[in-house]
Amino acid sequence: MTKPAILALADGSIFRGEAIGADGQTVGEVVFNTAMTGYQEILTDPSYAQQIVTLTYPHIGNTGTTPEDAEANRVWAAGLIIRDLPLIASNWRSKQSLPDYLKANGTVAIAGIDTRRLTRILREKGSQNGCILAGADATEERALELARAFPGLKGMDLAKEVTTAERYEWRSSVWNLESDSHPEIPAGELPYHVVAYDYGVKLNILRMLVARGCRLTVVPAQTPASEVLALNPDGIFLSNGPGDPEPCDYAIQAIREFLDTEIPVFGICLGHQLLALASGAKTLKMGHGHHGANHPVQDLDSGVVMITSQNHGFAVDESTLPDNLRATHKSLFDGTLQGIERTDKVAFSFQGHPEASPGPHDVAPLFDRFISAMAERR
């Protein structure tokens, strides 16, 4: 027997559907993602903390879920919205159906609504604060009240909420088809020591760095620069993460100290925005952000166009770039800034996700550039 669910947006829009996850309520910023695959990776991406994700592809759940595809040890998305849930999940790697996975993680979700109508609202009006109520006692009035009470992501520091509690070492590499596993690489086979700041890091980022020879020390978001420099790293990586970058004063200050050294710095997503702020630029809140796996981005140096995976609601304001920063990549959807590099230091960053998961690997060579920068410094 199905349970009813209600989705309410702060603008007053109401959608009724079927509860497919945990009972209860959830609030957050409602966004839409256009990826056709990778729903488990999306749900477990810490960058989606405090966001309710609408998946525009109509059939979600076809292949079930498996622990190997998770990007974190839990679901971080505040909720899930889909059009249609298949009756059967079929895949040789599947360990659990999507509804069972959502319930096990306490994730509230709704299916059976018009996601095309919802996406048009979000595209035209911008991301909306929203609420999903799941259960027989759900009312439109209560859902709307909770949606309008959510403060929004502007000014919200979420990196310190999703980061690791303690420092740890990481040696796991990318998935191997023959062994059906993520092999552990001996430390002796990893020539570069990289300290990775966890602002909400995805596991596939760590795996791709290991696959390129990096011995990783992952540190909490609020780790002072002095502690990192004491580890004598070959490079410093600034991870993806959720929320507004501007309140992350602790991260901005640490990055400024790193930029006083000659250690190569590479940032992704939130790390990209933090590098910009540490260099004197400013960031802004986008209308509906970029969330998907089919976003065209142009390399301004070569003219090459790459299809990229994107997940961000904030962006670096190109008009505020100081002389020590130059633009390297731009979105061909809306012209927003996608990449920067310091003109006086070996420090660069990219707004999208070179590691994909889900999505294409067109921008993966940025990892190789980071490796080359460390090799040249030796």
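Glycine too: its Cβ is placed from the backbone N, Cα and C atoms.
Record features (Swiss-Prot):
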ACT_SITE  Cys269  active site, nucleophile
ACT_SITE  His353  active site
ACT_SITE  Glu355  active site
BINDING   Ser47, Gly241, Gly243, Leu270, Gln273, Asn311, Gly313, Phe314  L-glutamine binding site
DOMAIN    193-378  domain 'Glutamine amidotransferase type-1'
REGION    1-189  region 'CPSase'
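The structure, with features from Swiss-Prot marked on it.
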residue : record                   : Cβ contacts under 8 Å, 6 or more apart
Ser47   : L-glutamine binding site : Trp76, Gly200, Lys202, Asn240, Gly241, Pro242, Cys269, Leu270, Asn311, His312
Gly243  : L-glutamine binding site : Ala49, Gln50, Leu153, Met156, Asp157, Leu158, Ala159, Glu161, Leu270
Gln273  : L-glutamine binding site : Pro245, Gly267, Thr283, His312, Phe314, Ala315, Val316, Gln351
Gly313  : L-glutamine binding site : Glu29, Val31, Gln51, Ser127, Leu153, Lys285, Met286, His288, Gly289
His353  : active site              : Lys202, Ile205, Asn240, Ile268, Cys269, Thr308, Ser309, Gln310, Asn311, Gly359, Val363
Glu355  : active site              : Lys202, Asn204, Ile205, Arg207, Met208, Ile268, Ser309, His361, Ala364, Phe367
Return the count of C-beta atoms lying within 10 angstroms of the C-beta of Asn311 (L-glutamine binding site), excluding that atom itself.
27
Cα-Cα distance, maximum over Ser47, Gly241, Gly243, Leu270, Gln273, Asn311, Gly313, Phe314, record's L-glutamine binders, Å:
13
Cβ-centroid neighbourhood (8 Å) of the L-glutamine site, Ser47, Gly241, Gly243, Leu270, Gln273, Asn311, Gly313, Phe314 excluded:
Gly200, Asn240, Pro242, Asp244, Pro245, Cys269, His312
Number of other Cβ atoms within 10 Å of the Cβ of Phe314 (L-glutamine binding site) across all protein chains:
22
Note the mean pLDDT of the domain 'Glutamine amidotransferase type-1' (193-378), expressed as a whole number.
98
What number of additional C-beta atoms lies within 10 angstroms of the C-beta atom of Gly241 (L-glutamine binding site)?
33
Within 10 Å of the Cβ of Leu270 (L-glutamine binding site), how many other Cβ atoms are there?
32
